[in-house]
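Trainee: Right, I'll just put the structure down here and ask away after.
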Amino acid sequence: MSMLCYTLIIAFLIGIWAAPKSEDNVPLGSPATSDLSDTSCAQTHEGLKTSRNTDQRHPAPKKAEDQELGSAANIIVDPKLFQKRRFQSPRVLFSTQPPPLSRDEQSVEFLDNEDTLNRNIRAKRETHPVHNRGEYSVCDSISVWVANKTKAMDIKGKPVTVMVDVNLNNHVYKQYFFETKCRNPNPVPSGCRGIDSRHWNSYCTTTHTFVKALTMEGNRASWRFIRIDTACVCVISRKTENF
C-alpha cells in the first residue's frame, strides 16, 4: 500500500516538473519573454499608426474664427461689387504688389473702372512743402502700409472681419491700409514737444477715422466703414492755478 502511494506521489511530481511554465514565471531574456516584448511593441506601433491615420482622416475641428478667416481669404469677389463702391479713401488700396513706401511721398490709388481688371495702379506725385532744418513736429508719428489687417471695428462699434486677399477675375489682390499712429504708444511725462508745461498739460495720442473697406458679412463680401489709425495729435488742457 505504501509502495503504491510512493509511486503516485513520484508520478505527480514528475507531471508538475514536466508541465509548461506560464509566461508570468518566464525569466527575463528567455525566448518567451522576447516574443512577448516583440508582440507588444508591434501592437503599440500598430496602435500609434492607426491613431495617426485616424487623425489624418479626421482632423481636429478648427475654431470658428480660423474658419472665418480662411473663408475670407478664399472668397471670390464679383467685379460688379467694385462698381458699387462709394466714399473711396486714398488710405485703402487693392494691389497685387506692395505699395510705395511713405518716404517716397506718393499716394497710391486703386482704379475702380475697367482698368482694374488689368491690375493697373496709378500713382500720382503730390507736392509737399520743403521743410527747413530745425523744424520739429509736436508729436512724433509713424506711417506704414498695413497688409494683414483681419479684425477691425465698424462705425457702430462692432467687430468685423476684414478681407486680406481678394480674388477678382482669377487674380488675387491684397487689401492695404495706410495707417498713421504715434511713435510712442504711451504718453510721456514731458508732454508734447514745444508746449509750455508750466501752464499746459499735454500728451500725444493717436486719432482714428473711418474708411470704406471690403469685409466679410456671413459668407459674402460687403463694403463697410471700419476704423483705422490716421494721425498723432497733441491734446492740451490748461493747468488750474491754486490761489
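Backbone N, Cα and C define each Cβ position, glycine as well.
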Trainee: With reference to Swiss-Prot, which of the candidate residues Cys192, Cys232 participates in the disulphide bond with Cys182?
Mentor: Cys232
Trainee: From the disulfide entries in Swiss-Prot, identify which of Cys41, Cys204 pairs with Cys139.
Mentor: Cys204
Trainee: Does DSSP give Cys139 (disulfide bond) helix, strand or coil?
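Mentor: Going by the DSSP assignment, Cys139 (disulfide bond) belongs to neither helix nor strand, so it counts as coil.
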Trainee: By a simple count of other Cβ atoms within 10 Å, which of Cys139, Cys182, Cys192, Cys204, Cys234, the disulfide-bonded residues in the record, is least packed?
Mentor: Cys234
Trainee: How many other Cβ atoms sit within 10 Å of the Cβ of Cys232 (disulfide bond)?
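Mentor: 22, counting other Cβ atoms within 10 Å of Cys232 (disulfide bond).
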Trainee: Within 10 Å of Cys234 (disulfide bond), Cα to Cα, which of the recorded positions Cys139, Asn148, Cys204 are there?
Mentor: Cys139, Cys204
